[in-house]
């Protein structure tokens with residue numbers, strides 16, 4: 001996989017009269033790990049939904065690896081190299097872990113022959129083998145045959161991330177991947193993300209945990225009320241008075 | 001085997017086909033309440049092609065399936081714009097429209113019914129059903145079935161994963177209709193008589209109940225549900241007039257006991273279980 005850059009320019013989105021994203025511009029260099037941070041309601045998840053095409057922007061452009069994808073339908077974007085997890089873990093609860101991962105592979109296995117191969121009768125099939133290997137890399141292989149429904153939160157959270165990687169994206173969007181994980185699981189997630197970057201994935205991460213951001217992301221974009229208020233290294237943005245005010249209210253000003 | 005048993009087996013086979021016809025779109029989250037309409041299209045098409053065009057039984061029945069698929073494909077685009085209960089209502093209305101059309105269509109006998117000259121025996125019905133069942137079972141082991149489940153579970157995620165949600169829904173709806181048409185064709189040529197009234201609301205309702213009662217999460221559910229619905233009323237024959245009351249009570253009890261259908265976890269075949277355990 002080739003790392004892909006992302007740039008958004010003048011992105012604007014409102015729902016009814018509520019302006020959620022206003023004239024947002026930032027760039028995620030190819031191969032970097034960039035964090036998108038900001039208080040609750042700052043528009044981070046909406047930005048993800050605009051980048052992946054769940055919502056159409058009212059104005060502005062989105063470029064992936066230099067290519068304008070603003071008008072590309074959501075379903076085609078994963079094929080261009082964008083994949084994402086979901087803040088609220090949208091795995092298919094009635095399916096096994098393995099089947100959920102096969103869903104994540106779909107974009108590479110959507111041809112008619114792949115669609116009609118009875119993989120469930122073929123335990124050694126390459127799609128299964130690949131999904132199992134991806135699970136094994138994260139130490140989660142023992143859950144492969146289990147139904148997602150009954151699994152603990154932290155494991156489901158991590159499987160949601162694994163599923164997002166199975167399309168082999170050049171840009172991976174992670175919405176609060178560490179939220180709700182215990183320290184051991186967080187360490188494992190760090191190792192996983194390091195591995196993905198080493199393989200050439202650009203990461204754009206929404207995260208509230210600043211230790212996590214500091215450990216993984218070299219570049220930070222700060223949103224507040226749908227606007228970018230700061231950009232730079234974590235240390236730089238933490239010194240920024242606008243950022244301090246956004247997080248601490250009027251107290252720091 | 002007595003004639004009674006053979007007759008019962010044929011009814012079971014036709015009901016299993018009907019149940020598959022409902023199950024396929026339902027596995028993608030679409031409840032088709034007008035399945036009898038698609039059976040009627042298959043039955044009349046097969047009957048007419050045999051009677052008027054001199055088609056052989058095999059070709060006529062296959063064309064019955066094809067005709068129902070064509071109708072489904074044509075209406076799928078507008079009808080699949082609706083969701084949930086509205087989709088059920090739209091398919092219900094469609095089934096009624098189709099039946100009403102045949103009830104008034106003079107070239108196929110209208111309300112007087114339509115005798116069919118071509119005949120097939122019980123063996124042909126049973127073999128065709130076995131063939132279709134094998135194909136549906138095989139299909140349930142593919143990514144196609146996985147995609148349908150994904151769409152039912154979360155259509156937004158299915159779309160973001162790159163699945164052509166609309167096309168897959170149309171495919172499931174059409175495939176279900178094709179099976180319904182096939183069962184209609186078999187019905188027409190086996191009983192040598194078609195009348196529009198047979199393909200009414202009750203037939204659609206019962207067919208949906210096979211699937212809901214049997215379970216919608218596994219392809220064995222519709223088979224089990226159809227078998228239950230076909231055989232239990234027969235076993236209750238001794239109770240004469242009370243059998244439908246007892247049967248209805250049984251259905252209620254079953255739904256209370258297993259609200260998601262008789263089968264919920266998929267059938268774990270012995271070799272599948274071993275395969276699952278081998279998985280590291």
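Just so it is clear, glycine is given a Cβ too, placed from its N, Cα and C backbone atoms.
Lifted from TrEMBL, the feature list:
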{"type": "TRANSMEM", "residues": "B:6-24", "note": "transmembrane segment"}
{"type": "TRANSMEM", "residues": "B:31-49", "note": "transmembrane segment"}
{"type": "TRANSMEM", "residues": "B:55-77", "note": "transmembrane segment"}
{"type": "TRANSMEM", "residues": "B:84-103", "note": "transmembrane segment"}
{"type": "TRANSMEM", "residues": "B:123-146", "note": "transmembrane segment"}
{"type": "TRANSMEM", "residues": "B:167-189", "note": "transmembrane segment"}
{"type": "TRANSMEM", "residues": "B:209-232", "note": "transmembrane segment"}
{"type": "TRANSMEM", "residues": "B:244-263", "note": "transmembrane segment"}
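Between the transmembrane segment (B:209-232) and the transmembrane segment (B:84-103) there are fewer than 3 Cβ pairs closer than 8 Å, counting only residues 6 or more apart in sequence, so the two stretches are not in contact.
Among the listed stretches B:6-24, B:55-77, B:244-263, the one sharing the most Cβ pairs under 8 Å with the transmembrane segment (B:31-49) is B:55-77. Under the criterion of 3 or more C-beta pairs below 8 Å, with sequence separation of 6 or more, the transmembrane segment (B:123-146) and the transmembrane segment (B:6-24) qualify as touching.
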